[in-house]
Amino acid sequence: MAIKLIVGLRNPGSAYEQTRHNAGAWLVTALAQRHNSHFKIDKKMQAELTEIDINNHPCRLVLPLSFMNHSGQTTRIISQFYKIEPGEILIVHDELDLPVGRIKLKTGGGHGGHNGLRDITAQLGTGVFHRLRIGIGHPGHKDLVHQYVLSRPSMHDRQQIYDAIDRGIAIIPIVLSGDMARAMNQVNA
């Protein structure tokens, strides 16, 4: 099934823009920039939206205006309005359980403690959507997670995350064509 909607999870606002938790939005923003596409605020959809077309595969790019933990409502509103099935959605998000700079494509699964994914699963009524997980590493103890994800990465970690984003963007044409197995083989290797 071809992907028709890519959502970059984030917390909106300049205070959060450069934090680890916004790695998903970094990728979606970079993808739009590489295709000379510009986001526009759509208050009805509760998001910044734009559209790209790669090899005759159109896709909407979304940056929710809500905080990460409420990303599901935006995802549901947009997917219902455009009649996009959960299996046609790619959620791009930060992942504590991957080392900094790793990136993995996954279909379905649980939320793994990620509140953005938890809300999307609840709002869509299913976890059967695709995820592009950008590794941000783990602070080592669960009590440090909140502060860690809302902090800025070091320059070294930031560069590793950017490198992962480049690898993620490289598979988007394959993802949009619907060949998830090939995309997984390429990016998960």
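Cβ from N, Cα, C; glycine included.
Binding of tRNA is attributed by Swiss-Prot to Tyr16, Phe67, Asn69, and the same site annotation extends, among Asn36, Asn55, Asn115, to Asn115. Within the set of recorded positions His21, Phe67, Asn69, Asn115, the entry lying nearest in space to Asn11 (site 'Discriminates between blocked and unblocked aminoacyl-tRNA') is Phe67 (CA atoms). Those residues of the chain, other than Tyr16, Phe67, Asn69, Asn115, with a C-beta within 8 angstroms of the mean position of the tRNA site C-beta atoms are Asn11, His21, Ser66, Met68, His70, Ser71, Gly116. Distance noted between the C-alpha atoms of His21 (active site, proton acceptor) and Asn115 (tRNA binding site) is 11 Å. Here Tyr16 (tRNA binding site) is positioned 13 angstrom away from Asp94 (site 'Stabilizes the basic form of H active site to accept a proton'), judged by their C-alpha atoms.
Note on the recorded positions Asn11, Asn69, Asn115: the fewest other CB atoms within 10 A surround the CB of Asn69.
Between the two most distant C-alpha atoms of the annotated tRNA binders (Tyr16, Phe67, Asn69, Asn115) there are 16 Å.
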